[in-house]
Amino acid sequence: MLEDRSPDSCLSTRVFSSSRLSESNWSNSYMYPEDDDKLLGNGKRALEVVGEVRQTKSLKLMGFSIIYDSDSSDYSLSGGEEQADAAIGDGSSSRQEQEQQSDFNDNGGDSSDSHSLINEIGRDNSIDCLIRCSRSDYGSIASLNRNFRSLVKSGEIYRLRRQNGFVEHWVYFSCQLLEWVAFDPVERRWMQLPTMPSSVTFMCADKESLAVGTDLLVLGKDDFSSHVIYRYSLLTNSWSSGMKMNSPRCLFGSASLGEIAIFAGGCDSQGKILDFAEMYNSELQTWITLPRMNKPRKMCSGVFMDGKFYVIGGIGGADSKGLTCGEEYDLETKKWTQIPDLSPPRSRADQADMSPAAEAPPLVAVVNNQLYAADHADMEVRKYDKENKKWLTVGRLPERAGSVNGWGLAFRACGERLIVIGGPKCSGGGFIELNSWIPSDGGPPQWTLLDRKHSPTFVYNCAVMGC
């Protein structure tokens with residue numbers, strides 16, 4: 001997708017090492033819109049594709065082409081070869097005609113309606129087409145003119161996608177301090193995110209992460225007592241300071257549903273285990289305090305299932321023992337209900353030899369409103385039987401899903417897939433593997449290796465962004 005374009009011409013991510021390419025073979029994926037001053041300056045763009053038509057896969061399926069006019073320094077959308085020839089031209093048109101065409105493009109192809117996007121089919125049909133495009137196409141689409149750029153950069157296109165049931169899930173994870181990568185499991189492409197800004201204390205501290213809406217939140221400590229949040233925005237491809245919680249904490253359980261997320265439990269800067277819960281709205285960037293849970297807990301996990309939020313397991317009580325119960329929060333009634341034995345059982349070896357604090361929080365994920373768990377000790381996958389309220393073993397984890405007491409192993413829902421990210425260390429520094437299973441047939445897990453990546457360490461943090 002616009003492979004030859006210079007990274008300086010727009011905010012971009014770096015696409016690297018899919019299973020079909022060597023890790024040293026890099027190209028550019030342009031998913032982020034340029035600022036107006038860059039697009040409307042006196043000079044040409046960094047790339048001047050003279051008289052060339054570029055088609056991304058999803059645009060080609062819809063019959064549209066992205067056309068670059070070297071004279072007007074702008075893009076337009078074409079619905080066929082005749083329009084492409086007319087837009088590119090033969091170089092004989094006057095400068096006045098070229099300027100008129102540039103203004104025409106800035107108005108979305110309609111000099112009478114500045115909001116029509118694709119004039120031939122109207123705004124509503126234009127949007128109906130655009131929400132079906134891949135997320136990776138939106139950088140190119142945003143480069144067409146101001147109207148397309150506003151649609152993408154404002155986040156409106158993602159809200160419309162969500163409302164109409166079009167969601168792509170990408171996996172974001174960190175295996176190096178302050179460095180994050182994204183992985184598209186469908187196209188099997190890697191994207192490098194900008195390096196996080198932070199203090200030395202935050203860089204070396206334990207961090208927690210969650211993707212909500214078009215944001216990736218990374219939470220940690222900036223000094224020994226101050227909790228901070230850094231927010232990565234998909235819309236700008238940049239990091240910024242996020243809004244602090246009403247009751248800052250760490251070691252909480254969290255999950256997101258569309259543009260909202262719930263953070264439950266955790267402990268404060270003095271180590272007190274909390275029963276607090278808060279809801280975050282990524283579009284408004286606001287925190288709302290929710291009713292308190294029935295039990296204080298830390299090192300717990302959170303999921304959304306059947307439209308309700310669940311906090312699972314963790315450590316609580318006066319003696320800081322492991323909790324086997326969970327709690328359900330109903331967003332309509334705003335009430336918590338305790339559920340016995342919702343936490344997946346620990347293996348016998350873990351129960352005998354390990355304190356609860358040494359083990360990672362429950363590795364749980366929800367696919368199609370079914371709750372799954374990874375048992376890192378027995379290397380098994382379990383499924384929660386809602387009717388009988390018990391856990392059943394359904395099969396094995398991937399062979400190379402190594403971890404240290406569950407730490408360093410990512411077990412996530414990614415749309416209709418379960419994703420497992422982990423791997424053993426080796427003398428050359430180590431590598432991680434990404435395995436996927438779509439639990440649709442009710443049979444045991446059949447894992448598909450999506451890709452592997454060299455890594456000096458295991459997975460520190462992992463989140464899945466669906467938008």
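Glycine too: its Cβ is placed from the backbone N, Cα and C atoms.
As annotated by Swiss-Prot, region 'Disordered' applies to 77-117.
As annotated by Swiss-Prot, compositional bias 'Low complexity' applies to 92-111.
For 116-163, the entry in Swiss-Prot reads domain 'F-box'. The domain 'F-box' (116-163): residue composition by secondary structure is 33 helix, 0 strand, 15 coil, according to DSSP.
For 159-210, the entry in Swiss-Prot reads repeat 'Kelch 1'.
What Swiss-Prot records for 215-259 is repeat 'Kelch 2'. As a summary of secondary structure, the repeat 'Kelch 2' (215-259) carries 0 helix, 24 strand, 21 coil according to DSSP.
The repeat 'Kelch 3' annotation in Swiss-Prot covers 261-307.
Each residue in the repeat 'Kelch 4' (308-356) gets a DSSP state, and the totals come to 7 helix, 19 strand, 23 coil. What Swiss-Prot lists as repeat 'Kelch 4' is 308-356.
According to Swiss-Prot, the repeat 'Kelch 5' annotation covers 365-411.
Among residues of the same chain six or more beyond the repeat 'Kelch 2' (215-259), those with a C-beta under 8 A of the stretch's C-beta atoms are 11-13, 31-33, 152-155, 158-159, 162, 172, 180, 193-194, 196-199, 201-202, 205-209, 265-269, 274, 276, 278, 280-283, 285-287, 289, 297-304, 307, 309-312, 314, 361, 461, 463, 465, 467. DSSP places the residues of the repeat 'Kelch 3' (261-307) in helix, strand and coil in these numbers: 0 helix, 21 strand, 26 coil.
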